[in-house]
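TrEMBL annotations:
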- B:Asn208, B:Met237, B:Tyr266, B:His302, B:Ser322, B:Arg323, B:Gly324, B:Asp363, B:Gly364, B:Leu365, B:Arg366, B:Glu402, B:Tyr429: substrate binding site (BINDING)
- B:His406, B:His470: Zn(2+) binding site (BINDING)
- B:1-16: compositional bias 'Polar residues' (COMPBIAS)
- B:100-112: compositional bias 'Basic and acidic residues' (COMPBIAS)
- B:34-97: domain 'ThiC-associated' (DOMAIN)
There are 2 protein chains.
Amino acid sequence: MTTADARTPASKQNDGTPDGAIPDDGAGKSIGWHKGYVQGSRPDLRVPVRQVHLTNGKDVTLYDTSGPYTDPAIDTDVRRGLAPLRENWIIARGDTEEYAGRPVRPEDDGVKHTSPRGGLRNLDAVFPGRPRQPRRSRDGRPVTQLAYARRGEITPEMEYVAIRENVEAEVVREEIAAGRAVLPANVNHPEIEPMIIGKRFLVKVNANIGNSAVTSSIEEEVDKMTWATKWGADTVMDLSTGRNIHTTREWVLRNSPVPIGTVPLYQALEKVDGRAEELTWEIYKDTVIEQAEQGVDYMTVHAGVRLPYVPLTARRKTGIVSRGGSIMAAWCLAHHKESFLYEHFEELCEILATYDVTYSLGDGLRPGSIADANDEAQFAELRTLGELNSIAKRFGVQTMIEGPGHVPMHKIKENIDLQQEICEEAPFYTLGPLTTDVAPAYDHITSGIGAAMIAWWGTAMLCYVTPKEHLGLPNRDDVKTGVITYKIAAHAADLAKGHPGAQEWDDALSDARFEFRWEDQFNLALDPDTAREFHDETLPAEPAKTAHFCSMCGPKFCSMKISQDIRRQHGGSQEEIEEGMAEKSKEFAAAGNRVYLPIAD
Amino acid sequence: MTTADARTPASKQNDGTPDGAIPDDGAGKSIGWHKGYVQGSRPDLRVPVRQVHLTNGKDVTLYDTSGPYTDPAIDTDVRRGLAPLRENWIIARGDTEEYAGRPVRPEDDGVKHTSPRGGLRNLDAVFPGRPRQPRRSRDGRPVTQLAYARRGEITPEMEYVAIRENVEAEVVREEIAAGRAVLPANVNHPEIEPMIIGKRFLVKVNANIGNSAVTSSIEEEVDKMTWATKWGADTVMDLSTGRNIHTTREWVLRNSPVPIGTVPLYQALEKVDGRAEELTWEIYKDTVIEQAEQGVDYMTVHAGVRLPYVPLTARRKTGIVSRGGSIMAAWCLAHHKESFLYEHFEELCEILATYDVTYSLGDGLRPGSIADANDEAQFAELRTLGELNSIAKRFGVQTMIEGPGHVPMHKIKENIDLQQEICEEAPFYTLGPLTTDVAPAYDHITSGIGAAMIAWWGTAMLCYVTPKEHLGLPNRDDVKTGVITYKIAAHAADLAKGHPGAQEWDDALSDARFEFRWEDQFNLALDPDTAREFHDETLPAEPAKTAHFCSMCGPKFCSMKISQDIRRQHGGSQEEIEEGMAEKSKEFAAAGNRVYLPIAD
């Protein structure tokens, strides 16, 4: 694996600032870590990695989602947006064309012509980056990674993720072609660094951002997106429901190195001023096209919430908790008609296929409490999602399936097993699940438990939950806590699944721990800043970073130290150690043979 | 269930202060919650509960570990200690006697006669509470709950926990008699509110406290103990390794409403100035008696670390990480002798039986990294623990078994299954396990995942892990975070095990959530303070606490609101709602019948 050399100071990952001098250990390699690239088969195919440099001279290569922001060699500017990494790949395929596109209207930002306040909060809000025309399929045929994979083509995007996942490109193509994995990559979002979602690959994490009618601004949302990817978010969903939805999304898309997901229904609802019954297929379709032209990579569509299922929620403890689900339920009941999303699903497939927008079939009837888990309403919808999954595949649209929610541990496995069976192994994308309802303010933990388990059993992507779930909108700290918690769940699952290479990371950190290489422990940690900060709280002095003891036992006695003494006592090299110890153990052969059958004894 | 009426203001649980006016809703019942008591078969048997008063007039009764500190009717003073609740029960049994006891020596507090500093840091440190003489078995026969249970006696302690667990007293007696549960209750710790540890009961949580050679004071440790029990710790282990070990433990014991555990080996090591090879059976035995006379309820004994097993750790990534384990390994190798704990185990059983000290057989060879999980060294020791468990039972000593450690998810179940088989279903008491090594500063989460799973599968008590694990000593906030995280894991397991009544708590909170009873949500939460604080961050205004929407969706649209509108739309009462909805669903009978077999369709 060859890596380019975009040097980055150790401090950089820690304070997240793009500038600052680059410390050097003199050996010509930056201290701590640097952003590296793995060169693919073509000059413009370079896969970013995080190269951690250990004080013992070794390197550890980690998956990197942070985008160009952590590469000091690249000058980023949120007002300009990221470089269109994939543009040439898309053009080279020759199956898309630029076109005028749908004109942006004030109501796209939730502004009525009659609005006394008029326009955007401030004109600066309009994205000032390079002008662009939307792109779509030249002839209406699917321009999706699924279509290419079925044709046997290995696209640059597929090669890119193969390098990222450290597998053969053919494996990536097969999984996509079979519908067991998705590679969300709208032709109008050339800025992304391709990633893949499927059970044969590393478990991914999504972070939600988005303003609401109640709080927050465009700047905050763009910052939350870069912040979330810095800590490891593989995709980001913009769930904005307030004003400036269109403009906020434009800023997010143009600056995002990861796929962006949305729930078009939220914006559609804003266009009818929050009155669900006034929604129409036309308004919804127009919103989908608006977002597809901007470059949204995957869309949550609640087409599984059918009128006949709504009564099934009457006996529930918490009814319908999915916002999209309840919007569609309200519409269905107001008109006593079948869902317009279900009725127009094939037409929707045709639209998504021409931009390569990936379906995330929403679970609008997911349980919102332990009491409602795995009930009739939930599984009735899941069966319909299976039906819709088959239709989407027929139209060449990449598809993943969303899952719950609130589920006690003993009912989790049934969710993934049923979904895999009903949806022909389409990637499962779950929210948690939360394993208890009694800990508001700690739902990142109640759900991190369920997330780790369901990911071990086959869920491909986990939607994070922050400490603010059920209580308020997450701030910067909540986003970080949510992402870190879910990276833990995802990696724990990668280990349990025996994902190739997953354990190397744990082993490198454990070696550093055993050898008291504190700086290496910090640099290998999911969150180096906090690890270093916690250590320094108890033992602030610099020497403590090289001390062969820690604050738990203190200098007088340390278990790690004893283990090392035991080794030393039996010679230097690993070989000598084992010989020496084997020697000692021979002395107790009798006992040694006995202790393996103490009970029979 | 009758409950006495020790009123407590809602604010009390929140700020933890014993004073402050008691707000009243006018209905003669305090707002939020109050400390109640369930009356047992005798006047002096009153079991504390937390009575949460909901704004809809209903009450929810929760398990309460906080002790007299949360009862405003009781005047507590850490300098005086808690009232000896069990004293009369112990005396009434007539099988124990007071005696002079072992004189306390300076070295018990780590002070050498030759010490230039001499004595304690300050004389105030000596516990000023009522003078007491230690108590022990009158005739050397076991005075353990196990012995009583085997004789068919239901002690007041057993009745107490039966009420707490909401089961028949006979069930408690049977589980203890069979060795499937322990009721740690040293005759010298009459202050405790009895609790039980066993897989048929609620999963329990232990919090570790203790100063070290490096930091912290007596005051801090006593405060950490009351703080930990306030948030739900069922037992507390004092792992002090620094100075004033004896005196710190005295303060902790006299003020603790929960059983206290220790690792006597730590203090014994201090007595030989940290030189493991200088340890002797006599010094260790003397330390065990010292602690038993003070009232330690359970002791971790690393008698399973046998000389022949030490070489098995040579190939490990992180060797021996248990402090007690490495101390014994060092001793074994220094003398090339079998462990003095293993050799003198029967004598130790005789001592513990005369005070009713419960064994916690330590897993000194537990894995300290993902790489070392479930290895030969770990399971060789576990088989020896099974052997020792049988011996302890023969001597009438209550026994639980300690477990790992660091274990990836797919290797967790093997741990509990093997332990239950080898140790005849003795209670398993596990540390986590941590499911990955890559997240220092978040090991409460990496381990909370493993803890929830292993508890679901049968672990009886979980030893908490704080965010400072591997990095430093936990402060007050870390202790709270560790306890809350582990209460989540324990309750998630109670739900998954289908523990009777466990889900009522979740249901009550989910009802409150669905009906926008914010104050009820806060008061029912594991951590009311933080839940309220997070809500107020986004929606500070008082009206927001009664608003029928939250900050996620805002006033214009709310999924919970829609669900309620759906109900209203179909009539008032639950019956009418369901009729109304059934009516609607009939209109779609055809589709209704179809949707249940969409794929076959």
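The backbone N, Cα and C atoms fix where each Cβ goes, and this holds for glycine too.
Keep in mind that this is a model prediction, so the values were computed, not measured.
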Binding-site residues: B:Asn208, B:Ser322 - member with fewest neighbouring CB atoms within 10 Å: B:Asn208
Intrachain C-beta neighbours of B:His470 (Zn(2+) binding site), sequence separation six or more, cut-off 8 angstroms: B:Pro440, B:Asp443
Close binding-site residues near B:His406 (Zn(2+) binding site), where close means Cα within 10 Å, chosen from B:Tyr266, B:Arg366, B:Tyr429: B:Arg366
Surrounding CB atoms that lie within 10 Å of the CB of B:Tyr266 (substrate binding site), all protein chains: 23
All-chain count of other Cβ atoms within 10 Å of B:His406 (Zn(2+) binding site): 29
Counts of helix, strand and coil residues, the compositional bias 'Basic and acidic residues' (B:100-112), according to DSSP: 4 helix, 0 strand, 9 coil
Cβ-Cβ neighbours of B:Gly324 (substrate binding site) (radius 10 Å): 25
Residue among the binding-site residues B:Gly364, B:Arg366, B:Tyr429 whose Cβ has the most other Cβ atoms within 10 Å: B:Gly364
Counts by DSSP class (helix H/G/I, strand E/B, coil) across the domain 'ThiC-associated' (B:34-97): 11 helix, 21 strand, 32 coil
Secondary-structure category, per DSSP, in which B:Gly324 (substrate binding site) falls: helix
Binding-site residues satisfying Cβ distance under 8 Å to any chain A Cβ, from B:Asn208, B:Tyr266, B:Ser322, B:Gly364, B:Arg366, B:Tyr429: B:Ser322
Taken over the domain 'ThiC-associated' (B:34-97), the model's mean pLDDT: 96
